[in-house]
């Protein structure tokens, strides 16, 4: 009978536990699809998924960035072409930084996810209404960000078909290859490679950005939970509950510091590259008709970059307020 009661109690705890990772489940699944998130609480080890991750990062994402960077050296005398390539180069540089720091800090990110599921970070059932607005804002931002970035990427990918330049074997992205990429079937293979490369990079960047934003949201929700616990301390158990609140506060501060150590360099690179990209893209926009397909592509790209910076500013400011 005692064992049955223990099993019932354990199942009750599991049902009542709030899993923070479920809120960002889609985010983590997308990262997993491009090799940036090993399952569960694991980190990279010698297995098939680690091999796929290495292929995805080195060959598909960073490899594509390398060939775009090489093209810069062939057009440095052409101001318009150089400006266009500087936009891509700055973005590629940022993506490489993000990928490197994200992978190097994978163990730290996994530890943050484990901390979220600890007892101190669990909300009570009546506190769900307190944290739900913050989580809903993150979800809406995630969807909106995906729509903006997705439209910008689609505009770039289909541009050769919009202006019929694909007939001249123009690729979506200007790159240098050590072979002739304008002959069939090499052209078609490289076209697919570029589409896959930009798709993987888009998934990686969007979900890394929104994961960092989610960590910021979790810090703000923990502050709300802590304040609510302090306001509703039972006087009959004041000392015990107050000590628990102090420990909770210490864990929130520790969680915030660990999160900051994870993404501080990423945010520095984000602001540096974003200001560069916006400046060069606005210059490009001044050279084309704003209502043309090229103008639409530039405007979509600028909007995506602005929202990307907005993510860090908005959610970071919420932490400062809390």
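Cβ coordinates are placed from backbone N, Cα and C, and glycine is handled just like the others.
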Stated TrEMBL location of transmembrane segment, expressed as one of 24-48, 49-73: 49-73
Range among 174-193, 194-213 that TrEMBL annotates as transmembrane segment: 174-193
Considering the transmembrane segment (262-283), which listed stretch of 49-73, 85-104, 295-315 counts the most C-beta pairs under 8 Å: 85-104
